[in-house]
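Lifted from Swiss-Prot, the feature list:
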- C586: active site, for beta-ketoacyl synthase activity (ACT_SITE)
- H721: active site, for beta-ketoacyl synthase activity (ACT_SITE)
- H764: active site, for beta-ketoacyl synthase activity (ACT_SITE)
- D1564: active site, proton donor (ACT_SITE)
- 1719-1730: compositional bias 'Low complexity' (COMPBIAS)
- 413-846: domain 'Ketosynthase family 3 (KS3)' (DOMAIN)
- 1343-1653: domain 'PKS/mFAS DH' (DOMAIN)
- 1742-1819: domain 'Carrier' (DOMAIN)
- S1779: O-(pantetheine 4'-phosphoryl)serine (MOD_RES)
- 25-277: region 'N-terminal acylcarrier protein transacylase domain (SAT)' (REGION)
- 952-1249: region 'Malonyl-CoA:ACP transacylase (MAT) domain' (REGION)
- 1339-1658: region 'Product template (PT) domain' (REGION)
- 1343-1479: region 'N-terminal hotdog fold' (REGION)
- 1507-1653: region 'C-terminal hotdog fold' (REGION)
- 1703-1742: region 'Disordered' (REGION)
Amino acid sequence: MDSTSRRVVFFSNEFPNDDLKELFRRLDQHSKDRRFRLLSIFLEESTAVLKDEVSKLPRPLKELVPPFDSVLGLVDVDFRQGPLGAAMESSMLTILELGLFIGYVSLLCLLDQVKMLTSLVYTSHYESEDTEWDLVPGESVLAGLSIGILAAAAVALSSSLADVAKTGAEAVRVSFRLGVYVADISTKLETPQSDGTLSSWAHVVTEMTEAGVQDELRQFNTDTHSPELTKVFISAADKTSVSVSGPPSRIKAAFQHSPVLRYSKSLPLPVYDGLCHASHLYTQSDIDSIINSAESVIVADRSVRLALLSSQTGKPFIAKTASELFLEIGTELLTGTIYLDNVTAGIVQHLQPQSKEISSWQIDSFRTSLVLRGIHSAVEAKLSGEQRQLIRRDLVNWVNKDFGPRQPRSHASSKLAIVGMACRLPGGANDLDLFWKLLEEGRDTLTTVPPDRFDLNTHYDPTGKTENATQTPYGNFIDRPGFFDAGFFNMSPREAEQTDPMQRLALVTAYEALEMAGVVPGRTPSTHPSRIGTFYGQASDDWRELNASQNISTYAVPGGERAFGNGRINYFFKFSGPSFNLDTACSSGLAAVQAACSALWAGEVDTAIAGGLNVITDPDNYCGLGNAHFLSKTGQCKVWDKDADGYCRADGIGSVVIKRLEDAEADNDNILAVVLGASTNHSAEAISITHPHAGAQKANYRQVLNQAGVNPIDVSYIELHGTGTQAGDAVESESVSDIFAPVTPRRRPDQRLYLGAVKSNIGHGEAAAGIASLLKALLVYQKNLIPMHIGIKSVINPTIPKDLERRNVGLAMQNTPWPRPAGKKRLAVVNSFGAHGGNTTLLLEDAPERVKIQGTEDRITHSILLSAKSKKSLQANMESLLSYLDQHPETSLADLAYTTSSRRMHHNMRFGTSVSCISGLQKVLRSQLDNVNFASEVRPVPNEAPSVILAFTSQGAYYHGMGRELFAEFPYFRAQVQQLDRLAQRLGFPSVVPVIENSIEDTPSSPILTQLSVVILEIALARFWSLLGVSISAVIGHSLGEYAALAVAGVISATDAIYLVGRRAQLVEERCAQGSHSMLSVRAPEDEIQKMLAAEPETASIAYEVSCCNTNQDTVIGGLTGEINDIRRTLEAKSIKCTILDVPYAFHTAQVNPILDDLETLAKAVPFKAPSIPVISPLLATVIYDVKSLNANYLRRATRETVDFAAAIEAAQDMGLVDSKTIWIDVGPHPICAGLVRSMIPSAPAMSSCRRNEDSIATISKSLVTLYLAGINPCWAEFFKPREREYSLLHLPKYRWNEIDYWIPYLGTWTLDKAHLKHGTKPTTPFSVSMSRPSALRTSLVHQITAETVEATTATLHTISDMQHPDFLEAIHGHTMNKCGVATSSIWSDMAFTVGEYLYRRLVPNTKDVHMNLTDVEVLHAQVASKTKGSVQPLVLRAHLDLSTSSMSLSWFNANGETGECAAESFATAMIRFEDPMAWRKEWARLAHLVRGRIEVLEQRASEGKASRLSKPLAYALFKNVVDYADRYRGMDSVVLDELEAMAEVTLVPERYGTWHTPPHWIDSVSHLAGLVMNGSDASNTRDYFFVTPGCDSFRLLKKLEPGAQYRSYVRMFPLPEDPNMHGGDVYILQGEEIVGMVGMIRIRRVPRLLMDRFFSPPTTTSVAGPVPPLSGETTKYHDIAQTAPALPAPTLPIVVPNPVASSTMASKAPEPAPLLATSSESSTPKESPIVTPAESEREDPVDNNMISQCLRLMARETGLEVEALTADASFVQLGVDSLMSLVLSEKFRAELGVEIKSSLFLECPTIGEMTAWIEEYC
């Protein structure tokens, strides 16, 4: 406050004359705004105080207070007639005044932001809630009357607004206690009237003096002998009036007794609860009992900060502390007399100016009262004649205002936005448009039960005599309930058939609702998959109990159990938020929505998908509902009709997508409506469990209204539950009318309340009923029309309240406009009640009016994308879009591009184009759809995106304005350029921004500016591509572009790149003459140029240098300018195309020699690091993976020597980094490198970042489309982010499904027949396995003994282990292949030794040492660790020891983690022989010198360079081509490798890392040398194959391996004559000179490398998965893959879990595959580019490019058959395609044709004809 003003804040003792309920509602609404955080704290603290005080009341008083969650919940309760009237009135007045004050002052903090308070003028220095506020001692004073003084005291004790929130709650406590105490004392003086009539305890008398009134009262009290306690007395007085107080009957008697009083002007005051200001009644002990109670949490020593005037003396209270102040106030309230004249005088005295500088007086109050008007008059009288202003401020006005969009204080304070919806409803309402049309036309969807549900001829009996038959034939049913796109949702036909149709349609409608909402998981924080949950209501299991139970299959549980309905949605979309399936009977759907809202308010999710599900098939439910008298026998739900006789059943599926409002607005969503409140309660007091209860329904309405702070009169539409039952309609009409259209206050004529009930149209959808009602309400909001009610067939039900019309409420009997009032929002309520007693209510309001930002749209080209998972769907989606555009030609192209790219989930079948107008798009779509070869030309993209290489151009592409549009449009790109530019300027170089902005003069730039501009642009472009979601696999730089490439690869920093380029340019300018040398681009290879020039005398002696070998046909040469011109003339004369390059210097020639030394010196100061991504080097013509080759000398050479771009590309191809599918992005001002790449690899997709004379945004847009069609998923959200507010999400036609009917009909009459069955079945208990029992044998790998038998000479042992146990799992993950943990055979070795020693000691207890020879090891199926956390992965080991043969057999089996059932066949077997170690020692002693000799030979050959010596890192890097070992497994310190022979120095890690017999990592370390030989030697074809071991003949250790000990291993592998694909060898383990162990005849098999991914699949991604074939797995035997399963330490192969195939009875179509890529080069893309098709160079035969032909040729080649033999009826079994060949074929299809299929497809499509038909549709 300005120090030149004086301020008084006056707290009244009366409520304002406003609608108190509305005032509290508005306070509550503001408290949910984070800008009013302190108001919220105060209300929460006050609520807690009241709850605490109520809890301490005696039971009779406590029962008078209903449960409440906030003070708003008490506003509707009338306490005036009860003993708590004073307490509630006092505390609520305190809360109201302090709440208004806190909110008012909070606004002062917002003044700079909020300019909407035109009726108030504030001057404040508030900056935050914690700053010193403007109620300054000495300048501000507080005053009040009665209870108002308590509110003022809270302010007086506060030094900040935050203090008021805390002390204010204590003032509320004192107010409540004071009221309770006063009422209790007063009722002892006079009993309240029994009829509840309120009598006043105080009257005001005017035009009499205090003395005159006192005389009359004294006389009355004397004459009537009134006891002291009940006497009538004066409680307040001023010059013009006197307040008389006493028991009501005594006051009445006093006025009758005294003629003076009887004829005086007097009025009763609204004081109904007792006496205050009565010194004769209260004592200090009374005051102490209220103020100084032990429960009070007043801080006793809190100082009084502001003066508070006494209402008795008009002077400030003298108290210094809080406790003193409240005692003074309590004394005054209970015993003091109010003297208003003193209060006025005190205020005037405070305002009396002490200085001429005081320019204004300010009085803040809560509305104007008689008392306040008197104060104003007195102050104005004092001001008369003075140049001072009296400012009156009302602290109430602000509460009725809105201050811009609400900013929720917390999730719980947020409004919620419904942003998407979808449905399948009766009457053919398979989408929202059809549903609305049905409603608008007033259609009734009633029909009889369709035959596909059940046969009415047998299951319908209107007499009710037939047991289990229905008595009504009617219902409302959705069309084609079995139709489903199984392939889209990755389900096999078998699984789809077994899955409940309502769960299938939940998937479908969830997708459609998400599509409508524009949800792309992960696009925004609120749509991150971990923050999305699903909530669906379901109340029946018809499909599981009836249809699917006729033949229970594998998918019976996941297909039918309710939880899987939600779980499948979460799993498919990879949502990891909560998944709830709710059953609240008829209200399940809306209860699920309410649960979703609760989760959003609780912050458990950020996006929720909710809905209700019901598909009727089971006649049992018809019978049960009919027998319980729920169902109408006459037809449809007749809501509010006189003849209403029950409901009519209905199907229904509905889904909605909900977010918090602020998230929806931030995400640029279309908001269909806003949820203000949602609640569910129960009719606990109903007369029966199924009977509705009006009281419970009304309580629920109040809860929702209070939650939202909404006046029920403002609600203008209610969608009733409306079932059409006599009880239900009567009760709901009563509850709705009483709350929303009460008798008083009445609705105004313009406040009509309309009612509707969708069940009249589509029946009662049971669990889906609530969601259908909600969808209708949302459509009413969208269409601004309330559809006609068709439920009254005769006359209105007489049980409906008769006065509804007088209350201005009624059904909309015809289509009724429901316009949105200007500047206001419409409110609607949706009801849904459950037959079990539950009541759910939602309160909705209009979406915020969205003002679309009108930008200057200068993007001349837009990308339009469509995708699908099958060709039919893609074609249908294109047709739908074309039809939409034909109907809506005004559609914004920008909005369409935004919607189809940034706001869509994308699939594998893709269409994309870049267009500049809608008509152009229509033309492209028609062209594609008219193409008869559309199906064959459309190619799906691969599941695995192709690699992307960035190619950085040189300075030859420079021009002014390069990237200008990107710089202007994209803040991220602009920021990157500006940051790099600032670095350049700090290094002393000129700014490049004018070049990019094109604000520089169009004159030749200096080399420094040219080169810096190019490098900075390229680094910024590379980062921009990363922002757009492009993952870079490698980089290559051409000349100057190599600096940018090295920076992007992390070899040098961006700063160093700029520094080196700038200094290099400076050196060139200083030491090289411009124009003395030139560069010539020649369209010919180097050798031809040389020959042609040598043949001509004029040029034979010219010295030139080759600067660049760009392609095999493009060469750049350099030299002296004159000589280069001579060469040009000579070559052009020979018709060779030549171009003089527009560069001032001839780089990569002798001209730059003068700068090389200094350049290298500068570069030596720069740190070089290993590249983070491979660098393709045009200097070295290789791919660089490490830092060894990259140094200062490299940059020197790169400046001087030839840029061999062509050789670099060829090297990258040879090294497997580049193939025909690799995508190239030219990063630079103009696509020079892109052209070079296309010349080298004609089929290569190459695109540009910028292009001369083309808008760079358009260039990027086209390139993004090309990337998209190639299988890359760009981050479209970032592309549209700069202008997202300018775009609107369009509601386009929904996805067109490729549906097939998966329906299992109910056959027979067994639901009727079971009524006559008299026998039952005994349930069986499933087998279970417990792994927590004590076990005599427990190690890291052997966890529990499950069976043990020990006899005299034999013993048998069964153990069980869990591969997911941490120790076991860590052992497995020490040996990973293709990112999967695979059990190495050293694990089986340790388990064998563990069990062998245990059993042997059981039979021979006193044995000192047990020496075992592990023989005949055969691992049939590898074991791969499950990726599922928390899963159980058990395996069983069975061992049998026979002492008579000194041997033990072992077998390992997989077991089912749920049932404990052990597999029939083992996955590994072995033998242990208990032998004499002396025999081993003798055997090995004879061999030791031979082994040591071979080791010495290897050492010698290594020293001579004839054998390779590998360091530890290099050895395991070679190993990593197949297997990645953890550190503990990496025991080989060095290796000498000579073709198939090798030796290794080994040091075991000292740690055992667990409990073992022999740690697996030690076994592996001494023995996996054999695997390295086969997988790392030059003698092996490691490019096409990898090598694994299926077993060995023996494994022996003379003594136990020792921690930290050093060993040597030696092996020589050789081909086995019986199998050319198999190698074998012995691994010797030496310690010192002695052989201490041996792996005898380890066998290693060669396996095609293309099967690596098949056997070792990487972890699944979080994106929406691609389609899969119908089988979840297939059986692959070890021998079927040429015995390639693993044994000892070499890599091992997994086995796919068997899953027998059962053909579907209803559908046999296999689902679509993961798609393959179709791309074209950028140059072939027209300005309005249609769908991109395969480049001609990619096709094997330009004449025959049919995919079927390619597939047949591939199959013929791989099987060795002629193509002619592959006839349509030929079966794969007859053709010899076994499981191994199917694996190979599926990999070949992927690798060569880009077709992703599972090998199980050869089982699903057993003939050539079926296979080709499938390929034709999906490939």
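Positions of Cβ are set from backbone N, Cα and C atoms, glycine also.
For H764 (active site, for beta-ketoacyl synthase activity), other Cβ atoms within 10 Å of its Cβ number 31. Helix, strand and coil counts from DSSP across the region 'N-terminal hotdog fold' (1343-1479) read 30 helix, 58 strand, 49 coil. Neighbours of D1564 (active site, proton donor), defined as other CB atoms within 10 A of its CB across all chains, total 29. With DSSP states grouped into helix (H, G, I), strand (E, B) and coil, the region 'C-terminal hotdog fold' (1507-1653) comes out at 32 helix, 71 strand, 44 coil.
The predicted model assigns the domain 'PKS/mFAS DH' (1343-1653) a mean pLDDT of 91. Secondary structure counts, DSSP: the domain 'Carrier' (1742-1819) has 46 helix, 3 strand, 29 coil. Around the Cβ of H721 (active site, for beta-ketoacyl synthase activity), the number of neighbouring Cβ atoms within 10 Å comes to 30. In three-state terms derived from DSSP, C586 (active site, for beta-ketoacyl synthase activity) belongs to an extended strand segment.
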